[in-house]
Amino acid sequence: MAALAVNKPGAGVDSGRQGSRGTAVVKVLECGVCEDVFSLQGDKVPRLLLCGHTVCHDCLTRLPLHGRAIRCPFDRQVTDLGDSGVWGLKKNFALLELLERLQNGHIGQYGAAEEALGISGESIIRCDEDEAHVASVYCTVCATHLCSECSQVTHSTKTLAKHRRVPLADKPHEKTMCCQHQVHAIEFVCLEEACQTSPLMCCVCKEYGKHQGHKHSVLEPEANQIRASILDMAHCIRTFTEEISDYSRKLVGIVQHIEGGEQIVEDGIGMAHTEHVPGTAENARSCVRAYFSDLHETLCRQEEMALSVVDAHVREKLIWLRQQQEDMTILLSQVSTACLHCKTLQQDDCRVVLAKQEITRLLETLQKQQQQFTEVADHIQLDASIPVTFTKDNRVYHGPKMEIRVVTLGLDGAGKTTILFKLKQDEFMQPIPTIGFNVETVEYKNLKFTIWDVGGKHKLRPLWKHYYLNTQAVVFVVDSSHRDRISEAHSELAKLLTEKELRDALLLIFANKQDVAGALSVEEITELLSLHKLCCGRSWYIQGCDARSGMGLYEGLDWLSRQLVAAGVLDVA
């Protein structure tokens, strides 16, 4: 652009004045950071900062960010950026209007128009009559470039005035000559597939050459059609570029929100200072630390409670064992005294006869004490181990077996009693309607299930609620072979799940009689009972089974055990 401001030799005083004016215009239109000329669009669009200075878009994107703000490179004033970043800053429309007017040649006939052409990136064409002037028209007859003044002077006669003169933008393209027949211009395009590598042809090629008889079209319409498709493609590319740029800006904003950074803020007296703005990553880490800190505190409290339970159990056991020690010591002393007395009596026959009743009483006392010792010894397990089991909520249970209360419910004839006795005695029991309830204890691994089997007839169902108290798990049995009773089972299960006393109870559904031909599958029963909707927010599981063979029953107990007992302690004896 500086070259455009240099006065040409012979340009005169006016040319020098116009050149200096063009230089001043260019200086106004330059970015003060990169010294490149502003443009109407693209990376060199002028944008306004809060302080009033104008910087091109490209330089603004290169400025260091302070949180969500940038500093003016000239006066260091702060400008806050919104969610759109630099793209959200206002354009300098006064400069844009000036640029547009310069490119349209509205400012000055020579100097400013010349500068505008330079700004727009086009080559400057000099007037063929006077090189100090810039050409603005083209004479198609004379084939010369002329400025408006020289065009009037050279074509002032009647003959020359008839020459067609067009603006430079409408200047016809020079015809390309055929490489085979150099005296003929290319006028046609071959449309044959085999000729697409060399489709251009002149009239000789068309009539007599290698393109003879080929389908063809006229060069200019074909070029215009391709040119239109190129313009469409360029428009699509611009749209696509804008989409990519917008997406990139969003990515930059998201990265800034994730990483956080420094933000420039003003205090009460107007002094600017930086402060740290935490990103979403730091907030997430803080949430994790807070969660695990609370978890550690909760675990510490649960550990203290569990240790207090174990300590109390150990203390009670030691007190009882020491009491037994004292009792055994007293018993041993009494036995020793009786033996010594008997030994003393047997030394004299007369004394033995006289002490007969006393000896009889001693023997009876010893027999009673021996009987008591035998009974106590049978019930005492001399085992120093202290077995413990942990529940899912980190509570500790001491003892060889953890007791679980289970209620088995379902429609009549579903197989509840058959399942109970198969688990208890491992034998099949013929179906008999349950009048009232059955209760059995089933030991499985280190768990002891106390299972209450309640009758499922219509008149007994209102009594189910009396068995809900302290129930830890509900086993609901469904007859898979009776499709017509599924809706009735769904209704009873829905009522069951509304009970407050069963709010925290586990739900195990046995799809019984899977061995019967035509029985509903587990998936079909799940859908017909709407289990995903009905049991939302509750721990539940459905297990296909056959009460006759026992298939699937222990898989159900396994699921119950895993839900009730912490992982890794199921097999601890």
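Cβ atoms are placed via backbone N, Cα and C, with glycine included.
Features of the protein shown, as given by Swiss-Prot:
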- 411-418, 454-458, 513-516: GTP binding site (BINDING)
- 351-378: coiled coil (COILED)
- 390-573: region 'ARF-like' (REGION)
- 31-76: zinc finger (ZN_FING)
- 122-168: zinc finger (ZN_FING)
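The Cβ neighbour count for THR417 (GTP binding site), using a 10 Å radius and every protein chain shown, is 23. Counting every protein chain shown, the number of other Cβ atoms lying within 10 Å of the Cβ of GLY455 (GTP binding site) is 20.
Averaged across the coiled coil (351-378), pLDDT for the predicted model comes to 77. Each of the binding-site residues LEU411, ALA414, ASP515 was ranked by the number of other C-beta atoms within 10 Å, and first place falls to ALA414. Counting only same-chain residues at least 6 apart in sequence, those with a Cβ under 8 Å from the Cβ of HIS458 (GTP binding site) are ASP412.
Secondary structure counts, DSSP: the zinc finger (122-168) has 12 helix, 11 strand, 24 coil.
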